[in-house]
Amino acid sequence: MTILNHTLGFPRVGLRRELKKAQESYWAGNSTREELLAVGRELRARHWDQQKQAGIDLLPVGDFAWYDHVLTTSLLLGNVPPRHQNKDGSVDIDTLFRIGRGRAPTGEPAAAAEMTKWFNTNYHYMVPEFVKGQQFKLTWTQLLEEVDEALALGHKVKPVLLGPITYLWLGKVKGEQFDRLSLLNDILPVYQQVLAELAKRGIEWVQIDEPALVLELPQAWLDAYKPAYDALQGQVKLLLTTYFEGVTPNLDTITALPVQGLHVDLVHGKDDVAELHKRLPSDWLLSAGLINGRNVWRADLTEKYAQIKDIVGKRDLWVASSCSLLHSPIDLSVETRLDAEVKSWFAFALQKCHELALLRDALNSGDTAALAEWSAPIQARRHSTRVHNPAVEKRLAAITAQDSQRANVYEVRAEAQRARFKLPAWPTTTIGSFPQTTEIRTLRLDFKKGNLDANNYRTGIAEHIKQAIVEQERLGLDVLVHGEAERNDMVEYFGEHLDGFVFTQNGWVQSYGSRCVKPPIVIGDVSRPAPITVEWAKYAQSLTDKPVKGMLTGPVTILCWSFPREDVSRETIAKQIALALRDEVADLEAAGIGIIQIDEPALREGLPLRRSDWDAYLQWGVEAFRINAAVAKDDTQIHTHMCYCEFNDIMDSIAALDADVITIETSRSDMELLESFEEFDYPNEIGPGVYDIHSPNVPSVEWIEALLKKAAKRIPAERLWVNPDCGLKTRGWPETRAALANMVQAAQNLRRG
């Protein structure tokens, strides 16, 4: 029984973000479709070859996507919303881009499909839309073409296909409501056809992804698996693939299926290998997801070996990444600025392939010397002074309940804040950032590259802050912001100023479409060596008599949008960040900043996959926010900002944050979101976003007024604020001025009654 290895998928964007550049060039009309397709072919060939050279036996094919793999599946099944269809009914790459972006070089623009987080990762997928009576047929043959490509290059191929039940689970019904699971029998014939085509090509194994099997699914959905897989059996061997959590709770459903193998995530799941071996049919292959596909840490391969060695020789076994390597940067070897010690702790996608090769060889031979050598740096890290800061650990251990309580309840604080700020009814403000112009970006880049000295850089930033204050005063806003000209990214900026974080040069991962992010890495205990935002906030406040908000990114968001440590809990990291930012709140307050906003857009998206785990997460997530904020005096007003489409299920926790003011994204839902706050009887102040900053359209005064009147039917007017629904970083100044002028006018009209 020779053990093989495989990956569940590989990053698509290219080491130098070649895919992103090719997509954006094509969208802008600067290159042809043929040139774009050629870049895709070149990247696929390179990535297959790199994995093979790193020692991977079975190469994933079908993991590449022009925008998103769920969207690719929609096209494969012929699920194209009517508004995005070509007039002749054909499907091409522009159809795909119209669904993803709302527009493409050909065809009519139409509203893009909704985008949401892929399970609990920072990757986003395009939500499939389903209508009653929908028809499906094999339409977009990208998967088959790529299998042919890989076979022609002489590779051992394992096609990757998103499974039918997870696909339906991820979608949403449009128009007349019905149970989307009822479409299962309509999509299964397309899956049968695809599997038949793969069988014709001599494919032995197909990786069929059903990550929905790690969720607490309704019984009807669990019951659908058996008949669905009965219909799919017989043409090729199916590796039923799960990830992001364990499968033990749904193992009875899984073991009844007519598949030939099961992949389990042994990093994020708590499944016991011996128990899995005992319960799985003896003729099934077990694919052990031992290498973390969604982090950047080198694995302790001696531990991984120990985890699996007892079942070697007892059943067919493969070793694999826990999930697709899509969530990891590509190659550590191109990082030249990380010091040698820290660099020795990391493994990116290609290094993870090497880890899988080392693990396979050791399991086949019984010789573990190479594993011990590879694991030495990560074992040495446990005792590194770069990781452990006794002062931080001592401070964290000393936290009491008092540290997460404001001195007085909201009603008492609100009184003190009204007396201090004397704001009018319907107070107007913005969420924090103003347009990041080419001048601002060039200024920051020149400084970063060493082409500009610190004095000239600071003079330039001060000028942009001054301009933002002048613009806001001219517009008549009530509470101002400094505009964040000095910040590249709301998480990266804080990470750069906190001890315990490091940054990469090329550690890009795909967020959605052509958007890539370069998350900070938490390598050790987090602390704040010096004030971060105080100087610029103080400067901005010196330019005006109106209050200027201090702007912080909250601890849960910094955690969720970074690569976390693996040796301590997420709760520990969040609370360490909270303590560091608590000192920032105290320093802002001492500098005369009376309104401080702590953004937590990631609070909801950090929720665990299983609802039964939510309470524990929300408890420490809320506590981290409160530790951050509770140092503020009664007359200091704490704001928070959140952008989600769903509040109902976490309203208790949002109220428990005890922020004096919460601003939320509501414009696209036509204020429907406020229903949650009304039903819950939310006690504090609230700023429902009155226009969508993601669109360049300028809202009319009448439209904003109508939205605010609608809001006032749900929330008492004396507790309402007036603001856009998000930061204005990505907008241009002309539409920003016009939209804010209309927003201020609408508020003034309402004050006059």
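Note: Cβ is positioned from N, Cα and C throughout, glycine not excepted.
According to Swiss-Prot, the residue from Glu473, Glu484, Glu486, Glu646 that belongs to the L-methionine site alongside Ile431, Gly432, Ser433, Asp599 is Glu484.
Here Swiss-Prot has His641, Cys643, Glu665 binding Zn(2+), and the candidate from Cys560, Cys726 in that same listed site is Cys726. Swiss-Prot names Arg17, Glu18, Leu19, Lys20, Lys117, Arg515, Cys516, Trp561 for binding 5-methyltetrahydropteroyltri-L-glutamate. Of Glu471, Glu600, Glu605, the residue it gives for the same site is Glu605.
There are 24 other Cβ atoms within 10 Å of the Cβ belonging to Ile431 (L-methionine binding site).
Comparing Cα positions, His694 (active site, proton donor) lies closest to Cys726 out of the binding-site residues Arg17, Asp599, Glu605, Glu665, Cys726. Of all the binding-site residues given, namely Leu19, Cys516, Cys643, Cys726, the one with the smallest number of surrounding CB atoms inside 10 A is Cys516. Listed in chain order, the residues near the L-methionine site other than Ile431, Gly432, Ser433, Glu484, Asp599 are Thr430, Val481, Met490, Met551, Gln597, His641, Gly727, Lys729, each with its Cβ within 8 Å of the site Cβ centroid. It is 5 Å from the Cα atom of Asp599 (L-methionine binding site) to that of His641 (Zn(2+) binding site). Under the DSSP three-state reduction, Cys516 (5-methyltetrahydropteroyltri-L-glutamate binding site) is assigned to strand. The Cα atom of Glu605 (5-methyltetrahydropteroyltri-L-glutamate binding site) lies nearest to that of Cys643, taking the binding-site residues Ile431, Ser433, Glu484, His641, Cys643 as the candidates. Cα spacing between Cys726 (Zn(2+) binding site) and Gly432 (L-methionine binding site): 8 Å, rounded to the nearest whole number.
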